[in-house]
Amino acid sequence: MATIATMPVPETRANHTIYINNLNEKIKKDELKKSLYAIFSQFGQILDILVSRIMKMRGQAFVIFKEVTSATNALRSMQGFPFYDKPMRIQYAKTDSDIIAKMKGTYVERDRKREKRKPKSQETPAAKKAVQGGAAAPVVGAVQPVPGMPPMPQAPRIMHHMPGQPPYMPPPGMIPPPGLAPGQIPPGAMPPQQLMPGQMPPAQPLSENPPNHILFLTNLPEETNELMLSMLFNQFPGFKEVRLVPGRHDIAFVEFDNEVQAGAARDALQGFKITQNNAMKISFAKK
């Protein structure tokens, strides 16, 4: 893997928000947000995901968690995770995001701070336009977030299904973060079959139904959609399609070319936690 030339990242205090860079710049904004939500929601409740359309901010994103512990677990577990063929670089954001600052009662209007800090004589027409539009002007060559987080409109965490499927992206846990041996559980992560308090009991034995090229998924969270499931299953050979059940968010079917390929995907993703409290249950569909 090629070495990425970058300055050492200074230690930053724990924050509700994690800053991610070295993301694939070819991925569209909506698809990137959807993919980030799919892999980070297992660590805790996500308040927002910020991805800028500004060219200088391409390849960067912010994921805002409700709890600091969720952000910490996500940072430790997903550091270096191969996301769209590029290892993610993750650190805590240097300042609280607007949504967290408002929760703490420490929010300060960003435009006022900029006006006090920067003399009018130094403002260029482009900078004035950026301030009037509510967007912070990007700093050339900067990789750290703009103080206070870049102002971007909040968007729903779950986007509409987009045509096509993203490239190979293994789910969390299949490729260990740097420094962990294969099969070793990263800090903050849970073994697939380990249950949280209040969770449903383990799934019935996998041999309940005879092998089938179609898998039956249960215990899916409300926000599950076709794209999210396709991201998890399309890495396995023989994947054909995901079929959702109208009016039921908690179940779905995934079809493969043959029973062997379906069984391999079932064994690999059995118990995968799509969210913190929803461990996916997979069985062969009834013939």
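Note: Cβ is positioned from N, Cα and C throughout, glycine not excepted.
Now, the feature entries from Swiss-Prot:
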COMPBIAS  125-134  compositional bias 'Low complexity'
DOMAIN    16-95  domain 'RRM 1'
DOMAIN    213-287  domain 'RRM 2'
MOD_RES   Lys66  N6-acetyllysine
MOD_RES   Arg157  omega-N-methylarginine
REGION    106-134  region 'Disordered'
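Across the domain 'RRM 2' (213-287), DSSP classifies residues as 19 helix, 30 strand, 26 coil. Using DSSP to sort the residues of the domain 'RRM 1' (16-95) gives these counts of helix, strand and coil: 29 helix, 23 strand, 28 coil.
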